[in-house]
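> Would you mind keeping the following structure in view while I ask a few things?
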Amino acid sequence: MVVKILVWSICLIALCHAWMPDSSSKLINHFKSVESKSFTGNATFPDHFIVLNQDETSILVGGRNRVYNLSIFDLSERKGGRIDWPSSDAHGQLCILKGKTDDDCQNYIRILYSSEPGKLVICGTNSYKPLCRTYAFKEGKYLVEKEVEGIGLCPYNPEHNSTSVSYNGQLFSATVADFSGGDPLIYREPQRTELSDLKQLNAPNFVNSVAYGDYIFFFYRETAVEYMNCGKVIYSRVARVCKDDKGGPHQSRDRWTSFLKARLNCSIPGEYPFYFDEIQSTSDIVEGRYNSDDSKKIIYGILTTPVNAIGGSAICAYQMADILRVFEGSFKHQETINSNWLPVPQNLVPEPRPGQCVRDSRILPDKNVNFIKTHSLMEDVPALFGKPVLVRVSLQYRFTAITVDPQVKTINNQYLDVLYIGTDDGKVLKAVNIPKRHAKALLYRKYRTSVHPHGAPVKQLKIAPGYGKVVVVGKDEIRLANLNHCASKTRCKDCVELQDPHCAWDAKQNLCVSIDTVTSYRFLIQDVVRGDDNKCWSPQTDKKTVIKNKPSEVENEITNSIDEKDLDSSDPLIKTGLDDDSDCDPVSENSIGGCAVRQQLVIYTAGTLHIVVVVVSIVGLFSWLYSGLSVFAKFHSDSQYPEAPFIEQHNHLERLSANQTGYLTPRANKAVNLVVKVSSSTPRPKKDNLDVSKDLNIASDGTLQKIKKTYI
């Protein structure tokens, strides 16, 4: 029996070492236990939802043949604000003739922005023939003013990875400009990127676009042109154009004169860095203090491993100042088709510096415009702190979307970013960015919640009003989920150990409360950085007699306590002790009474004895597991990098040197006959005229030598 237990223990431990589950989550909630509101649109056909705009009270959602106006508080539809726009029958039939399905040949709204006060521009796929309409708000409803072609602004396919951002009534878009999707471009009428120029755009998948300073930034992933000599690989990029770029002189009027791009480096450092190369989503630009007194503007990005690799996801933060610095740095150039991409010498860069924002780019010299066409690639953008702030390796899911509730205030006047991360299996992770004071790293505390009932991928995430509320957008469903889990904790210890800046323990009410519901922090207990619960009261099973200055309170405590005379001090089930002053809860130290040294009586009941028996049984079981672990440890060494969620490959070039012979199989010092213990039932081989024992060309060490033979 003991042997069986030992064997099963070893197997269990080996299985755990083979694949460690995601045990870092503080709290895991099932879909049914999450408070949420749902919106399903037509609930029959695919909608391909996308959030077009959001304000303090409403959220505009693009779907199949219409724009929905939803309340951001409960996702109820304001039908007076709905805009219907189906494709015409002619466009639908032409789409069917091109080989598309009926679901493809609909008008999926992808773009909405305000061109001027009181007017909206809406663009849709329109059965693979993009169109844009201008709506004017008159007499309480939106009326169509004009309709124009949307090629270059809106994608043909609702599932195509496109992005757009408006500035000063103009739309900057990143999409494709043909039916097949083979002409990607970054466009603002009339300027666009070069046609069929792989050095500018090479099969990109656009993720997000933001306006910052004098520039519009685009985040995307594409096939790396600088790696083509070695194979095919995907790199993450950030590209920029000037907001007021008017194009170049002469034939370059419809081309950008400020387009530059750089690789986003998200890697785990080491002798051979491990890269997360495929960007999936970015947050908005947020501002805060991260391990310094200076305020920084950063943007969070989700980057993953390729789809055919082991599932790995990482979150890297990039400082906007670093991105701007890279675009002011060295240009990269390939001398010949077989050359490496190297920095361009400074003396070969024309003046004024190409790619800068100028008042009128149409008067730039031709050499500047031509230089920027062929030298759009810059050096890499480093991640903040030089490494990801969160890494997750999982066979079950990958990160797909991210949004940030920036600089949430704690009761200790700390400001921390709360991140919401969507996955491709319908879950939302809540993570807290906790800067460490003396290290260049960020710690995270994570909570995982299942939001979509059928595991549909999360496409978008948006912050909603209220602590912990987030809008989760899927392909055919939108949910307003409350990821504030304060009320689920009933003990001070559990509440504090959540390390959630939204939650704190109210010592006055004995409740785990959301901070936005209280008016005073006086009685709150919270420790987001360490999760230290020393400030908590003892569990309710421990009866404490608290003596305060008020006589009425003293009488109440004496009345509710157990008389010491009625207890037998020799009874081993009775424990008497004195509380130390250090155990006094600071929250209870008020101006009225304060804390006093008091006697603590603890009585162990029958329930306590049952718990002791269970604990002893569990300890006995784990003793067998520990024995198995000891045996297993002899054959399984610990990871050299216990804190890393991956195993870094170290390929030492000197592995065959003298000091590395320990890795090689020792050579035999004498000849070994490998044919031993041949079964008698084995048929004897046929005799020939080659008697090995008579072959003098076989050396004693067993090495065969080439000989000449003559056959008659």
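Every residue, even glycine, has its Cβ placed from backbone N, Cα and C.
Taken from Swiss-Prot, the feature signal peptide applies to 1-20. Among the features that Swiss-Prot reports, topological domain 'Extracellular' is placed at 21-601, with the record citing sequence analysis. If you look up Swiss-Prot, you'll see 21-483 marked as domain 'Sema'. According to Swiss-Prot, the N-linked glycosylation site annotation covers ASN42, ASN69, ASN161, ASN265, on the basis of sequence analysis. Among the features that Swiss-Prot reports, disulfide bond is placed at CYS95-CYS105, CYS123-CYS132, CYS242-CYS357, CYS266-CYS316, CYS486-CYS503, CYS495-CYS512, with the record citing sequence analysis. For 602-622, the entry in Swiss-Prot reads transmembrane segment. As annotated by Swiss-Prot, topological domain 'Cytoplasmic' applies to 623-712, with the evidence given as sequence analysis.
Explain the structural surroundings of these features, please.
DSSP assigns ASN42 (N-linked glycosylation site) to coil, not to a helix or a strand. Taking the Cβ of ASN42 (N-linked glycosylation site) as centre and 10 Å as the limit, one finds 12 other Cβ atoms among all the protein chains shown.
Its Cβ taken as reference, ASN69 (N-linked glycosylation site) is surrounded by 16 other Cβ atoms within 10 Å in the chains shown.
Cβ environment of CYS105 (disulfide bond): SER87, HIS91, GLY92, CYS95, ILE96, SER127, TYR128 lie under 8 Å away, each six or more residues apart in the same chain.
Secondary structure at CYS132 (disulfide bond), as computed by DSSP, is strand. Taking all protein chains in view, 19 other C-beta atoms sit within 10 angstroms of the C-beta of CYS132 (disulfide bond).
In the three-state DSSP classification, ASN161 (N-linked glycosylation site) falls within coil.
DSSP gives CYS357 (disulfide bond) a coil state; it is part of no helix or strand.
Every protein chain considered, the tally of other Cβ atoms within 10 Å of the Cβ of ASN265 (N-linked glycosylation site) stands at 20.
The 10 Å shell around the Cβ of CYS316 (disulfide bond) contains 29 further Cβ atoms across the protein chains shown.
The Cβ neighbour count for CYS503 (disulfide bond), using a 10 Å radius and every protein chain shown, is 24.
A helical conformation is recorded for CYS495 (disulfide bond) in the three-state DSSP classification. Around CYS495 (disulfide bond), the same-chain residues six or more apart in sequence whose CB sits under 8 Å from its CB are CYS486, LYS489, CYS503, ALA504, TRP505, CYS512, ILE525, listed in sequence order.
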> Between CYS316 (disulfide bond) and ASN265 (N-linked glycosylation site), find the distance joining the two CA atoms and give it rounded to the nearest Å.
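Between the Cα atoms of CYS316 (disulfide bond) and ASN265 (N-linked glycosylation site), the distance comes to 9 Å.
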> Could you list the residues of the same chain, at least six apart in sequence, whose Cβ is under 8 A from the Cβ of CYS266 (disulfide bond)?
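Listed in sequence order: SER236, TYR275, PHE276, ASP277, GLY301, LEU303, ALA314, CYS316, ALA383, PRO388.
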> Spatially speaking, which of the recorded positions ASN69, CYS132, CYS242 is closest to ASN42 (N-linked glycosylation site)? Use C-alpha to C-alpha, please.
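Minimum Cα distance from ASN42 (N-linked glycosylation site) across ASN69, CYS132, CYS242 lands on ASN69.
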> Tell me the Cβ neighbour count for CYS357 (disulfide bond), meaning other Cβ atoms within 10 Å of its Cβ, over all protein chains shown.
16
> Of the recorded positions CYS123, CYS132, ASN161, CYS357, which sits closest to ASN69 (N-linked glycosylation site) by Cα distance?
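Comparing Cα positions, the closest of these recorded positions turns out to be CYS123.
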> As a test of the contact definition, list every same-chain residue at least 6 positions from ASN161 (N-linked glycosylation site) whose Cβ is closer than 8 Å to its Cβ.
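Listed in sequence order, they are ASN205, PHE206, VAL207, TYR220.
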